[in-house]
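Per TrEMBL, these features apply:
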- 5-74: domain 'Release factor glutamine methyltransferase N-terminal' (DOMAIN)
- 114-201: domain 'Methyltransferase small' (DOMAIN)
- GLY122, THR123, GLY124, SER125, GLY126, ASP145, ASN192: S-adenosyl-L-methionine binding site (BINDING)
- ASN192, PRO193, PRO194, TYR195: substrate binding site (BINDING)
Amino acid sequence: MNIKELLNRSDQFLAARGIESSRLDAEVLMADLLDMERINLYVKYDYPLKNVEIDNYRERIKKRAQRIPVAYITEKKEFMSLEFKVKEGVLIPRPDTENLVEAVIEYCRKEELQSPQIIDVGTGSGAIAVSLAHYLEDAKVVGVDLSTEALKVARQNMDEHELSERMSILKSDLLKEFIKREITGIDIIVSNPPYISKSEMEKLPPEVKKEPKTALAAGEDGLAYYKKLIPQAEKVLKNGGKLFLEIGYQQAEAVKALFGSSWVEVEVKKDYSENDRIAAAQFKGE
């Protein structure tokens, strides 16, 4: 059996099971298995597959039919033009979150910050922290998470991108470790925290439900983590330091209302789809 024949069968198999991106997923899984760019599949449509390749590929397609996300099957995901290792138990980086990273990079360059100290809260795979350390070449970045599984993957991604000299990964419940150690004077705190409300959790696609609930669910109103993180950030940021948060597209006003009198320049930025996506504010001090 050649590539074209197996792709066509797999596309039909996935489509029959309600996978809307059946063709794309079939191609991504094939390209990853054969270690080639997806576009090269078209050039090699007639390539005869070995039995072991066919068997391995069918196992991947079966997993996808069970609504396991493609990134969990390939164990990798591109983010900010960088490749990240991901695995079950760790949130898959989203394209929308690139807006958050770009906002921080833009701010650092505009303000001409020298060796900015940045904390990424709820780092997960380390996608945000690694991207910031990669593109801001003098930044010092700490990624924190409470999940042992996430911390392990984040460290692997940090090492893979050779950033351990300017970056570290720390176990912490939000910013509690920094507060406990009385660490202050941080330039930037960035976070893509859980922000899905209880009612929205029930409506999530099957694929998203395969991801860790702790990285998604944020109580009855979806604001639980913002309510904890904003007051904690006040104890860690320097006067004039900045907090960047990813938010749900309907949460802008609710999140803005959580910033008290210690904050100025509270603003909301939109993503590429013109949805509210980022809340940013400057800590002016008490």
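Glycine residues also receive a Cβ, built from the backbone N, Cα and C atoms like all the rest.
Where the annotation comes from TrEMBL, it is an automatic prediction and has not been curated.
Everything TrEMBL records as a feature, shown here on the structure.
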| residue | record | CB count, 10 Å |
| --- | --- | --- |
| GLY122 | S-adenosyl-L-methionine binding site | 24 |
| THR123 | S-adenosyl-L-methionine binding site | 31 |
| GLY124 | S-adenosyl-L-methionine binding site | 28 |
| SER125 | S-adenosyl-L-methionine binding site | 26 |
| GLY126 | S-adenosyl-L-methionine binding site | 32 |
| ASP145 | S-adenosyl-L-methionine binding site | 29 |
| ASN192 | S-adenosyl-L-methionine binding site | 25 |
| PRO193 | substrate binding site | 20 |
| PRO194 | substrate binding site | 20 |
| TYR195 | substrate binding site | 23 |
S-adenosyl-L-methionine binding residues GLY122, THR123, GLY124, SER125, GLY126, ASP145, ASN192: largest Cα-Cα distance, in Å and rounded to whole number: 12
Substrate site, defined by ASN192, PRO193, PRO194, TYR195: further same-chain residues with Cβ within 8 Å of the Cβ centre: GLY122, SER191, ILE196, ALA215, LEU216, ALA218, TYR225, LEU245, GLU246
Other residues, Cβ within 8 Å of GLY122, THR123, GLY124, SER125, GLY126, ASP145, ASN192 Cβ centroid (S-adenosyl-L-methionine site): VAL90, LEU91, ASP120, ALA127, ILE128, ALA129, GLY143, ALA150, ALA154, ALA215
Pairwise Cα distance for GLY126 (S-adenosyl-L-methionine binding site)/PRO193 (substrate binding site) [Å, integer]: 13
By Cα-Cα distance, the member of binding-site residues PRO193, PRO194, TYR195 nearest GLY122 (S-adenosyl-L-methionine binding site): PRO193
Integer average pLDDT (0 to 100) for the domain 'Release factor glutamine methyltransferase N-terminal' (5-74): 96
